[in-house]
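Asks: What TrEMBL shows for this protein is this:
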type	residues	note
REGION	23-45	region 'Disordered'
COMPBIAS	26-45	compositional bias 'Polar residues'
REGION	61-92	region 'Disordered'
COMPBIAS	81-90	compositional bias 'Low complexity'
DOMAIN	96-238	domain 'C3HC-type'
REGION	262-293	region 'Disordered'
DOMAIN	299-395	domain 'NuBaID C-terminal'
REGION	391-463	region 'Disordered'
COMPBIAS	405-415	compositional bias 'Basic and acidic residues'
COMPBIAS	424-437	compositional bias 'Basic and acidic residues'
Amino acid sequence: MSYAVESKKRKFHRMLESISKPLTLETASRNPGPESTMTTKNRTTADLSIKRVRLDNNDTAEYPAVRNSTSKIARPDLQRTSSSASTSSTRPTFVPWDRERFLERLETFRRVDRWTSKPAAINEVQWAKRGWVCTDVARVSCISNCGGSVVVKLPDEIDELDGFDMEKAQERKQVRLRLVEEYQKQMIEEHGENCPWRNRGCDATIQHLPLTNVDVAILGLRTRYSHLLQMSERLPNLETLRFPDSFDIESLVHFLPTDWSQKSDGGTLPPSDSNEETGGEASAPPPTDLPSQDVNKAALAIALFGWDSSPDSSTDLVACKACFRRLGLWMYKPKANGDRSVFDSLDVAAEHMDYCPWTDRNAQNGTGKANQNLASLRSGWEIVAEAIKVKHRRQERSTAPEGSPRPEQKTHDAEVSDDEGVPDEEKKKAADREWWAKIRRMRQVWTHKTPRRKPAPPASDVP
């Protein structure tokens, strides 16, 4: 046997021994170089991955390279789990059903030095529904970092009353309309090819305020009211506030729940200048009636229309969390030196943005369908006012003795009797006659009448 063959056999047996035996100090001293050590470890890892050698716990504990390689071979799912756990800490950007994330995108358009009002078709709500955020002056970018970015600029509107001729004013309007249509296309097409916002955006219900539950609506009103009480000295007077024609603050105070002036711990609400907040329902027995003078009507009216104290309590600001409009209350109060205020009145409804669900019925109850009845829609403040009345009726019904007429029945009977003194029985009979007349007419419409057959001629007339 030649020397070359013998040398190859020795190398082969040495390699087998290095696989089956643990690493000792002698073998480690034989290969002190770092390059040879790395080569041996890499070769060992490769051989283990091919042959899937099974080692006991003692061997793996003394040989780190083998322990690492076997863990990679036997349990690859752990690596995938750890990597997925690290990536799951970042929030997903495509969540068109999440209202909170929609409001976060909408809030980026709040700064007036970056974004100005646009037509309804391309306003900030439409951009936020499609996953855009305002990142610079008149510039929007995709929240999913697909690379999409659009600069939204429109020429100023001009009118012939401002000294321009009618032809130039019409030309400017046509240019604005074409630009609006182009921006509507770019709102979708400027997203990346693989961006999910390109295929879907938020639906028409994303702006809806959570006011369906009566107790939730009243609890939100109570929370805003308690926040405004902390700054009651800085609130404008009730005479300064302006409301819609259908709003009546006196009737609202009358229908307030009997536990309105109580805290969650059973105590009473602090006076108007207190700094404590209120919680949920009161645990102590509520009073039989709530005196109207105990309610800060200005704070109640402002809270009903969705305004709340600004997070920065050091400033005299109220803010809306649905349209992110902020108001400086110092502009509606007389100055300390006796000078008049900057503005004589504060319209709590008109100061919201046009698309705010607190005042816009379509934004609060709209479904985006063409066949919806717009007359039946209600804005946010109308829903809260109705919730207070519903709560009042429930309390009266629960405290009324058995056999007594319900509150709504009393109201209905009062409405039926008019000023002419007509007895209720006659009006009921007239209503019954009208009802049965309608039923007869409906029967005639749905009753199928077959034509009568002509009688057969007598037999004598037949030729």
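Even glycines carry a Cβ here, placed using N, Cα and C.
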Asks: Count up the helix, strand and coil residues in the domain 'NuBaID C-terminal' (299-395) according to DSSP, in that order.
Replies: 34 helix, 12 strand, 51 coil
Asks: Using DSSP, break the domain 'C3HC-type' (96-238) down into helix, strand and coil residues and give each count.
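Replies: Counts, helix then strand then coil: 68 helix, 12 strand, 63 coil.
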Asks: I'd like to know the mean pLDDT over the domain 'NuBaID C-terminal' (299-395).
Replies: 86
